[in-house]
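Trainee: I'd like to ask some things about the structure below.
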Amino acid sequence: MAGLINFEDEQEVKQFLDNLGVEYSYQCYREKDPEGCHRLADYLEGVKKNYESTAQVLQHNCEVNAHAQSCYKLGAYHVTGKGGMKKCLKTAYSCFLKSCNTQGKKSVDACHNVGLLAQDGRALETGPDTTVARQYFEKACEGGFAPSCFNLSTLYIQGFPGLDKSMPLALKYALKACDLGHVWGCANASRMYKLGDGTDKDEQRAEELKNRAKDLHGQEKERQLKFGE
């Protein structure tokens, strides 16, 4: 059938991929399309394995177009120093913050990373900041990012300067993490109901959450097995 690529023909595939690169470059630099720029970055990274060029496109698309997904990936490049980018957690923090506040693809993940870096403190001049960490974990949790809900729960279990210990809030976020499929959110919530920590004791609810944790753990193991096949 005309128009279909014969993926068994190495030369035809190479020509097809080269044409994609030209098309994405045109979208990015001639049409000024931020999505085209991100497609170009994905192409350079995934097809060409040219991480230096990828980093340059990501930087352009983040700084000029404030593209959330490109800012997120640029932040990840700065965390590891990939593609010739300076390995710098402060710069990574700025990229993640920009992505988080832009509210596009990967913005929720970026908000979570802002929370992690604020909690760790190495990206901030003033050191660890639990207040900022909580703020961005809350933003990511509201966006349905389970690890942020779980992290909020652990923050309230422990208590930190500027964040009072609160077992009812710890339970609230553990339950939300559980609802979003986080194994340890379910496990922690189960234990709280079993002990009556932050809530009245409820053996039945504790058992339900324990079984939910077991089911999620089993699903994770099954996914890992399938991935390894």
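Note: Cβ is positioned from N, Cα and C throughout, glycine not excepted.
These came from Swiss-Prot, pasted as-is:
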REPEAT    34-66  repeat 'Sel1-like 1'
REPEAT    68-104  repeat 'Sel1-like 2'
REPEAT    108-145  repeat 'Sel1-like 3'
REPEAT    146-182  repeat 'Sel1-like 4'
REPEAT    183-218  repeat 'Sel1-like 5'
REGION    197-229  region 'Disordered'
Trainee: Determine which residues of the chain contact the repeat 'Sel1-like 2' (68-104) at the Cβ level, with the cut-off under 8 Å and only residues 6 or more beyond its ends counted.
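Mentor: For the repeat 'Sel1-like 2' (68-104), the list is 34, 37-38, 41, 51-59, 61-62, 110-111, 113-114, 117-118, 122-124, 136, 139-140.
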Trainee: List the helix, strand and coil residue totals of the region 'Disordered' (197-229) as derived from DSSP.
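Mentor: Counts, helix then strand then coil: 26 helix, 0 strand, 7 coil.
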Trainee: Taking a Cβ cut-off under 8 Å, which residues six or more beyond the ends of the region 'Disordered' (197-229) line up next to it in the same chain?
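Mentor: Here the qualifying positions are 166-171, 178, 181-184, 186-187, 189-191.
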